[in-house]
């Protein structure tokens, strides 16, 4: 029988209820638990409040309550260099990046995992809603958690086997209401604390104002696909493919249908818009993805297989056929049915039933072998 007291687990504690309950459960299971708070950004919000200071206070209270040591580590340099610069580069190129995935890949499960191992940890534990399973060959698989509504496998989709085999997800068989109930019964100070939203570590700021601090916006024309000017945009980086809100365009004599972003012309600094949800310019039958990573290891040879996919968070899975190219770690992904608003810069995440296979970054979308003018 395994003696859990000889197994050290470093828990990434954010000050939120999920990571706090993760630490509590591991402590109750007898592990040697160490709580660590990561500071990855200057968290002064739009009201001038340093949210990181408040969060760390909650970490200290929870750690004292459950009886574990705690530390704080600063990864602002790593976050700036590996995540934020990528974030700005993608927006500058007209794409819509997902910094949360890069944050997990480069900071939480890389720099932080290395730090945990330096503390002689056997495992790193996080409060994500995800599940791991080890097969008879000792290979770790990423699975969907019990709480499908909180499933975060999408954001973990570019981790490697080396990373996930050292990670524990204590909430994998719990729902969010169950987590809050455990926190309340244990008397944790943050049992009713609201979930954090917004960009990874940047929080709930006014996004347009925040982005303009780092990338000067250049306004330009909103045009229809045939070139008719119908409005003015505040900067291409503020808009994403399929967006309806915030365009400021009304009905026309021809149609009362709402307007949607259907493309961007970077050379002309034009935002391409069209009326109607079902614009054919929004539908793709294929995408190309790069940087493909599979949890169980990348195939060494070209391969073709059926799967389901997400290309945005909380999207229902769609059926696809994947043609993976081993030498370049790229994939051509063919949709069973045309897919709407496939957005370059976002993540492609592949599933086989309950298993998350891995994913990559969307480079381009196509319809009838013609590249869509999305960026």
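Yeah, the Cβs are placed from backbone N, Cα and C, and that goes for glycine too.
Here the structure is a predicted model, which means the values were calculated and not measured.
Positions annotated as active site, nucleophile by Swiss-Prot: 103.
What Swiss-Prot lists as active site, cysteine persulfide intermediate is 200, and the listing cites sequence analysis.
When secondary structure is read from DSSP and collapsed to three states, residue 38 (ATP binding site) falls in the strand class. Summarising the annotation, Swiss-Prot assigns ATP binding site to 12, 13, 14, 15, 16, 17, 18, 19, 38, 127.
Positions annotated as disulfide bond by Swiss-Prot: 103-200. With a 10 A radius on its CB, residue 103 (active site, nucleophile) counts 27 other CB atoms from all the protein chains.
Among the features that Swiss-Prot reports, site 'Interaction with tRNA' is placed at 128 (among others), with the record citing sequence analysis. Neighbour count (other Cβ atoms within 10 Å of the Cβ, all protein chains): 25 for residue 128 (site 'Interaction with tRNA'). The DSSP secondary structure for residue 128 (site 'Interaction with tRNA') is coil.
According to DSSP, residue 346 (site 'Interaction with tRNA') is assigned to coil rather than to any helix or strand. Taken from Swiss-Prot, the feature site 'Interaction with tRNA' applies to 346 (among others), supported by sequence analysis.
Annotation: 12 carries the greatest number of neighbouring Cβ atoms among the binding-site residues 12, 16 [cut-off 10 Å, Cβ to Cβ]. Residue 16 (ATP binding site) sits 11 Å from residue 128 (site 'Interaction with tRNA'), taking the C-alpha atoms as the reference points. Within its own chain, residue 14 (ATP binding site) has 37, 38, 55, 59, 127, 196 as residues 6 or more apart in sequence whose C-beta sits under 8 angstroms from its own.
Secondary structure at residue 16 (ATP binding site), as computed by DSSP, is coil. Long-range Cβ contacts of residue 18 (ATP binding site) within its own chain (separation 6+, distance under 8 Å): 127, 128, 129, 171, 179. Maximum C-alpha to C-alpha distance over the listed ATP-binding residues 12, 13, 14, 15, 16, 17, 18, 19, 38, 127 is 15 Å.
Residue 103 (active site, nucleophile) sits 14 Å from residue 346 (site 'Interaction with tRNA'), counting Cα to Cα.
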